Amino acid sequence: MAPQAYDRDKALELALAQVEKSFGKGAVMRLGEEARQPISVIPTGSIALDVALGIGGLPRGRIVEIYGPESSGKTTVALHAVANAQAAGGVAAFIDAEHALDPDYARKLGVDTDALLVSQPDTGEQALEIADMLVRSGAIDIIVIDSVAALVPRAEIEGEMGDSHVGLQARLMSQALRKMTSALNNSGTTAIFINQLREKIGVMFGSPETTTGGKALKFYASVRLDVRRIETLKDGSDAVGNRTRVKVVKNKVSPPFKQAEFDILYGQGISKEGSLIDMGVEQGFIRKSGSWYTYEGDQLGQGKENARKFLLENTDVRDEIEKKIKEKLGIGADLTAEDAAEVPADF
C-alpha cells in the first residue's frame, strides 16, 4: 500500500535535514524559496557583444570558449574582459600555454600587467593543475587559458616526434573540466578557454571546421563565441584594423545565435567608441544622415572615423550615449531587481 501524503512529507523533511547536516545548508533547496539573483557579469569591451550575450557580458562562475581562425581577435576579446575585471577591482590570471602573450599590447588594452598573474607552463597537465589551484583559492575573478591547442600532454612532450597519442588531450580536458566546473561556480570565477580551428577530413556536407581538445569543452562551456575577421579597415591605403563579427553559438544564460560586429584597431584593441556609434544608430539615439552623424542636434562628425574621434575627446557625451543604450536594453550595472527576476537562470 502506498504511504500516506503526510508520511511522504515527513520522510522528505527527514531526508532534507540529513542532507543539510552532512553537506551544509543550501545543499538542497526549493527553487521557489528565494528570488532569483541577477547573473553577475564581466563586460567584454564591446557594447554590441554585451547585448548579443543577452546579460551584458560574460557570466561569472561559468566556462567560456572563444574560438576562431588565426588573427581573428580571440585573445583581444579575452584581454578586454581581463581589463574590465581588473577595473572593477578583480584579480585576473593568464595561463599562457602558447608563450605568446605581448605585455605591451595587453597594457594598451587597459590590462594592469603589474597585477596580472601569468603562468607559462611546460605541459598541459601543469597548465590545468595551476588553473584549478588558482580557481579553488576563491581569490580569482577571471582566468584565461591561451590556448587549448597548446595544452600538450606530458606523454607527448616526453615521447618521440612520430609517436601516436590518440585522444590524450581530449581525456586531459575532460578530466580537468569535470574538476573545475563546480569550483568555478563556487568561487564565481570566469574561465575563458581560447581555442583554435582544425578541419575534419572527408566531410562532404556541413562545415568541416572543428575545435581542438575533444568534445568536453563544448559541453561544459556555458558560452561559446565564434570570432571571425570579416573586413580590413583602411585609412586611405593603410590598414588600421579589422571589422570583426562574433557569433554566440552557444549560450546557457540567454537565447543563443545572436551576433555582434565591432572594430578592432591595431595597437588599440576593440573600439568602444565605434561600437557605441553602431549601437547608437541602431537604437535611434544617434542619427545618420548621409555620412554625417548627429546626436541630439549636435554634429559628431562626417564619417564614422571623425565621429569616433569626437567621442574619444568628449567622454561625457560618450558616457551619456552608453548609459542610454544600456538603460533601454536593460544590460550592465543598471540592471534592477525587477529586471533580474526576468533573467533566465539557464537555457
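Including glycine, each Cβ sits where the backbone N, Cα and C put it.
The ATP binding site feature in Swiss-Prot is assigned to Gly68, Pro69, Glu70, Ser71, Ser72, Gly73, Lys74, Thr75. Long-range Cβ contacts of Lys74 (ATP binding site) within its own chain (separation 6+, distance under 8 Å): Ile66, Tyr67, Gly68, Ser147, Ile194, Asn195, Val227.
Within 8 Å of the centroid defined by the CB atoms of Gly68, Pro69, Glu70, Ser71, Ser72, Gly73, Lys74, Thr75, the record's ATP site, lie the Cβ atoms of Val227, Arg229, excluding the listed residues themselves.
Highest local Cβ density among the binding-site residues Ser71, Ser72 belongs to Ser72, counted as other Cβ atoms within 10 Å over all protein chains shown.
Each of the binding-site residues Gly68, Pro69 was scored by the number of other CB atoms within 10 A of its CB, and the lowest score belongs to Pro69.
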